[in-house]
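What follows is a short report on a single structure.
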Amino acid sequence: MRVHVADHPLITHKLTVLRDKNTASPTFRALTEELVTLLAYEATRNVRTEPVKIQTPVIETMGVAISHPLPLVVPILRAGLGMLDGMVKLVPTAEVGFLGLVRDEETLMPTTYAERLPDDLSNRQCFVLDPMLATGGSLVAAINYLFDRGAQDVTAICLLGTPEGLKAVDEATQGREVTIVLGALDEGLNERGYIVPGLGDAGDRLYGTV
Ligand code: PRP
Ligand code: URA
């Protein structure tokens, strides 16, 4: 598993405002979108391309186009939906599939309540969007879902992650091509499975249900 933790003052600044409990939903949503676009730049570093011939106003030259099958972006409902616009801004030709997972707040185990993905993901590069990598249970479930359908490689973009979550994903995906791109690696989890220092419940803060 490859892990990339962002190291850029703009990202740290935007995360600081996002973490602040006084930041209201409209600003939280706008910042989430901006952060994803910045993180997507690194996450798509290995997106597959193929050579194309084009004509500039001056000369014929070679460039690249994103290869088929096109990358598949998979936001994890509900909180991951707040990351979708920021991602497709950077990769507008990507296809989008949906996975709905919810974590039981007592057991911390995820269950799947919705799925709308292509049946066959052979040779697909998949990009999972979920703001929070806490225990890792939800991300492991999502990644396994995609590999079970034949995905070639999976890159997850999360705004915040924990060492516990990274370890869980690493152990569950041995031998698979997995990349995790984080906005920040936080200290760990509290007794309720929340990320510390974290930002609270990402879904509630995005959608104003606090
Ligand atoms: C949050 C978050 C992740 C999950 C992370 O979703 O968006 O999917 O928790 O926790 P884990 O790493 O311990 O599995 P939640 O289940 O609260 O659902 P929501 O997006 O609908 O709020
Ligand atoms: N899910 C969240 O939304 N926040 C956390 O801190 C952990 C899981």
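Cβ from N, Cα, C; glycine included.
The C-beta environment of GLY136 (5-phospho-alpha-D-ribose 1-diphosphate binding site), restricted to residues of the same chain at least 6 apart in sequence and closer than 8 Å, consists of THR162, GLU164, GLY165, LEU166, LYS167, ALA168, VAL169, ALA172. The 5-phospho-alpha-D-ribose 1-diphosphate binding site annotation in TrEMBL covers ARG78, ARG103, ASP130, PRO131, MET132, LEU133, ALA134, THR135, GLY136, GLY137, SER138, ASP201.
Annotation note: GLY200 (uracil binding site) sits in a coil segment as assigned by DSSP. Look at TrEMBL and you will find ILE195, GLY200, ASP201, ALA202 tagged as uracil binding site.
Per TrEMBL, the feature domain 'Phosphoribosyltransferase' maps to 5-209. The domain 'Phosphoribosyltransferase' (5-209) scores a mean pLDDT of 97 in the predicted structure.
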- Message: Just to be sure I understand the packing, how many Cβ atoms besides its own are within 10 Å of the Cβ of SER138 (5-phospho-alpha-D-ribose 1-diphosphate binding site)?
- Response: 26
- Spatial hits near ILE195 (uracil binding site) (Cα distance within 10 Å) out of the binding-site residues ARG78, ASP130, MET132, ALA134, SER138 come to MET132, ALA134
- Near ligand 2, which of the binding-site residues ALA134, GLY136, SER138, ALA202 have CB less than 6 Å from any of its atoms? ALA134, ALA202
- Task: Using DSSP reduced to three states, classify SER138 (5-phospho-alpha-D-ribose 1-diphosphate binding site) as helix, strand or coil.
- Result: helix
